[in-house]
Amino acid sequence: MTLHFYFARRFLLTFVSIFIVFAVLLGLIDLVDELQDFPDLAFGDVVEIVLLNLPHATYEILPLIIILASVALFVRLARSSELVVVRAAGRSALGTLMAPLTVAAMIGILTITMFNPIVAASSKRYHDLVNTYFGFGSNVLAITSEGLWLRQGSSEGQTVIHAARASSDVGVLYDATFVSFSPEGTPLTRIAAREAKLGDGEWLLKRAKKWDLKRGGNPESEAIVMKQMSIPSSLTQARIIDSFGKPEYIPIWDLPRFIAQLENAGFSARRYSMWFQMELARPLFLTALVLIAAGFTMRHTRLGNTGVAVLTAVLLGFGLHYIRNFAQILGENGQIPILLAAWAPPVASFLLALGIVLHMEDG
């Protein structure tokens with residue numbers, strides 16, 4: 001047990017050291033980029049933007065940090081002959097690896113349960129802040145259990161749109177309601193339509209009923225029913241879809257509810273379901289990377305070719321990471337099932353790495 005704690009502590013310290021180094025480097029690089037993008041902003045505001053983007057940047061390179069930490073640990077143990085002593089004491093290679101594998105799995109679990117919500121909140125805030133500084137404005141769409149809500153604006157005021165459901169491409173709204181407000185916030189008109197189709201710069205409404213709210217009195221007595229009408233719009237399908245936000249902007253704890261709301265509103269939630277399963281499979285993939293590093297670097301340095309072994313381990317880790325990303329794209333596009341796309345690469349990586357370690361131990 002003492003030996004397991006020793007290896008676990010060594011691996012954790014190595015991981016934290018490499019994590020801090022990469023975080024500082026990414027922060028400095030991002031600071032230079034943001035200073036070029038926002039030359040007129042105060043330095044404190046630019047630093048705030050960099051700090052908000054830093055969690056997401058480090059989250060993206062976590063597999064790289066894991067495999068570098070694993071390689072650094074095993075090469076150091078091999079050079080100090082500690083692995084030779086452990087093997088001479090009768091411990092198997094897999095027994096020696098139990099502590100680093102457990103730490104890697106715990107890092108993966110803590111990443112998706114605790115670090116993921118932090119990354120989601122900071123990334124969302126970063127996205128909104130950058131859009132504000134660029135003058136793009138905030139998101140125009142929100143999805144709740146009651147349906148979806150849109151907002152469009154013009155010089156004449158704001159229009160709030162509610163729909164019970166929508167087509168998958170957000171081009172058609174069903175059971176839609178349009179409420180127009182003046183710049184002062186006074187309600188002007190309310191329009192209910194069975195169907196609203198987004199055209200070029202306008203909404204095309206079918207079976208619509210319009211109420212004039214600015215006159216006061218009883219709007220129902222002066223309501224107008226029309227088979228078809230149009231309303232000017234500043235929205236486009238691309239802008240509405242962009243307002244959904246990336247899956248990484250949503251904490252993993254909220255993803256199941258968000259996916260259910262999307263599906264109830266008539267949208268495809270495949271992209272978000274894929275991301276959810278990918279996150280659940282992250283701990284297994286991180287442990288596979290530790291095994292990959294161990295399979296190539298646990299041997300004694302006297303055998304030579306240490307540099308080649310390290311390079312092979314890192315390149316194989318990168319290759320498995322890109323295969324995982326490619327499977328994610330296939331899963332999002334619907335070409336393979338989501339569970340297969342999310343879990344097959346980590347499981348295959350783990351089995352491949354386990355085979356390499358067992359072959360090394362047997363040989």
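Indices start at 1 and increase along the chain as displayed.
Glycine is no exception: its Cβ is also placed from the backbone N, Cα and C atoms.
Predicted, not measured: the structure shown is a model, and the values here were computed from it.
According to TrEMBL:
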- 12-32: transmembrane segment (TRANSMEM)
- 61-78: transmembrane segment (TRANSMEM)
- 99-120: transmembrane segment (TRANSMEM)
- 132-150: transmembrane segment (TRANSMEM)
- 280-298: transmembrane segment (TRANSMEM)
- 304-324: transmembrane segment (TRANSMEM)
- 336-358: transmembrane segment (TRANSMEM)
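Taking Cβ pairs closer than 8 Å, the transmembrane segment (12-32) reaches residues 46-47, 50-51, 53-54, 57-58, 61, 64-66, 68-69, 72-73, 76, 103, 107 in its own chain, all 6 or more past its ends. Between the transmembrane segment (304-324) and the transmembrane segment (99-120) there are fewer than 3 Cβ pairs closer than 8 Å, counting only pairs 6 or more residues apart in sequence, which means the two stretches are not in contact.
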